[in-house]
Amino acid sequence: MRDYDEVTTFLGEWGPFQRLIFFLLSASIIPNGFNGMSVVFLAAAPEHRCRVPDTANLSRAWRNHSIPLRLLDGREVPHSCRRYRLAVIANFSALGLEPGRDVDLEQLEQESCVDGWEFSQDIYLSTIVTEWSLVCEDDWKTPLTSSLFFVGVLLGSFVSGQLSDRFGRKSILFATMAVQTGFSFLQIFSINWEMFTVLFVIVGMGQISNYVVAFILGTEILGKSVRIIFSTLGVCTFFAVGYMLLPLFAYFIRDWRMLLLALTVPGVLCLPLWWFIPESPRWLISQRRFSEAESIIQKAAKMNNIAAPRVIFDPMELQELKLPGQQKVLILDLFRTRNIATITIMSLLLWMLTSVGYFALSLNAPNLHGDAYLNCFLSALIEVPAYITAWLLLRKLPRRYIIAGVLFLGGGVLLLIQFVPADYNFLSIGLVMLGKFGITSAFSMLYVFTAELYPTPVRNMAVGVTSMASRVGSIIAPYFVYLGAYNRVLPYIVMGSLTVFIGIITLFFPESFGMTLPETLEQMEKVKGFIIKNAHEQPNEELQRVKSRRVQSARASVPMHLGNTTVLTHGCVHQFRSSLNLNVRGFYGGFIILA
């Protein structure tokens, strides 16, 4: 029986139909780029100080000295959350006493900002922080806002694949697009922080679901060679374009409600794509809706000016079609032996800490010295060469060394920031961007590395569970940014230390480059530097000979082969070989499973 790719060979690889699908689906990814990081401007915290009412009977001198000073990064600045007790300084003002000369300010009693705050409008006209005073006692709500968005991303990861399997790729693509756009629009009318945050969770669910389903649909419609281009140049580049558009929108629109409104417009413009993007013929075949699949292929042939066969799917072949089953595995299988348990624990740490570094650096970009909008743009721009570098390194070099290398690069330069003088802002920004480059490169390699380590029965489960650890990392990442409120370089010291630490851990992983993919738990390579023995794990001379043979064919053209598996990363995907009746089986914690 012929497979789907063989049946549709007559369509060609890069005709008008394929180009249309490629660019339309890639364009649908753009809103995901700016929605995923919009919180950096929506929840930005401008400089602020306690408000002193105009009705307060204070002289000009006392009004200018009503806010105590504090030491921040080696310089004295007005306190953001305290003021001198108003009744006391009003009494001194009435007596004609002068601050600093007649009254020792350090001995004065202080109080909280009972009359609210004054926010600087030099950079932002308004944000949710200024709208609902999310500062001082309520400043914990700002990182929680970002964390809850990523909770929505985690929840969306669980449901997106299952929904598209059940109701179809096209329907769920546009439904999740509508969820992302619609609930972003509803956020404009939020009356309090609680309402905004609940809606933001739903936006996060729609954001990841839209991204995943668009990728699935493109993978199933496009031919083998074009899938690789779609998964890299298509998905990665257009996601980065969306990310780079965010600071451009925010620069010209300084009010958070108007910014949200502007960010919903591209999503609305994507809705007419319904009449141009077809359903996946592979999914239709999996649902045994053969006539609809054949109709789509006939239209594609007409668009490509190719004469299609009168009968595309032979009735006898359709009778023989059996949808592939999926072996049932349990999460406990990832801890069945001491060796695989050690690898799993190290993988969970690797994914989580790398994710922390990536998202913390992304969210912290506007807080760097200099122009917040330019810094955010550079943070998005640096991802493009990072993805390209990762793809090139994966083709030629051992996995654990290149992953550890870019982690050492990223973590090392972050640790250097503490030694940069405060006046050398450009050098600090350069080091941050270089750190983002290293961590982003490492992040995009993890799917490849993890999938190569685990045997076939648990491979999908392993990548799904470990990628879920990265979602946990994204949830806690905003609190690393929060550390900057106490010390400017503290987030970089912590992130740099953790990144170097996980780089060292990576060196203890077994090497997978050039090795035959393991088929059983016993065939897994042993962890480096540990002696791990189990009674039921016996040496296998034939296995050692198999491991020593390098996989030369096909690795020259793509980073790796995983049978019928396609892997999706956080912002970039690595496309691998797919075969007979390619059909997405589901999406587990950020990992797309293709049969």
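Placement of Cβ uses the backbone N, Cα and C atoms for every residue, glycine included.
Copied over from TrEMBL:
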- 20-44: transmembrane segment (TRANSMEM)
- 88-514: domain 'Major facilitator superfamily (MFS) profile' (DOMAIN)
- 172-189: transmembrane segment (TRANSMEM)
- 195-217: transmembrane segment (TRANSMEM)
- 229-253: transmembrane segment (TRANSMEM)
- 259-277: transmembrane segment (TRANSMEM)
- 340-360: transmembrane segment (TRANSMEM)
- 372-394: transmembrane segment (TRANSMEM)
- 401-420: transmembrane segment (TRANSMEM)
- 426-449: transmembrane segment (TRANSMEM)
- 461-483: transmembrane segment (TRANSMEM)
- 489-509: transmembrane segment (TRANSMEM)
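Among 20-44, 229-253, 401-420, 489-509, 489-509 has the largest number of CB pairs under 8 A with the transmembrane segment (340-360). Restricting the average to the domain 'Major facilitator superfamily (MFS) profile' (88-514) gives a pLDDT of 84. Ranked by number of Cβ pairs under 8 Å to the transmembrane segment (489-509), the listed stretches 20-44, 195-217, 259-277, 401-420, 426-449 are led by 401-420.
By number of Cβ pairs under 8 Å, the transmembrane segment (229-253) is matched best by 372-394 from the list 259-277, 372-394, 401-420.
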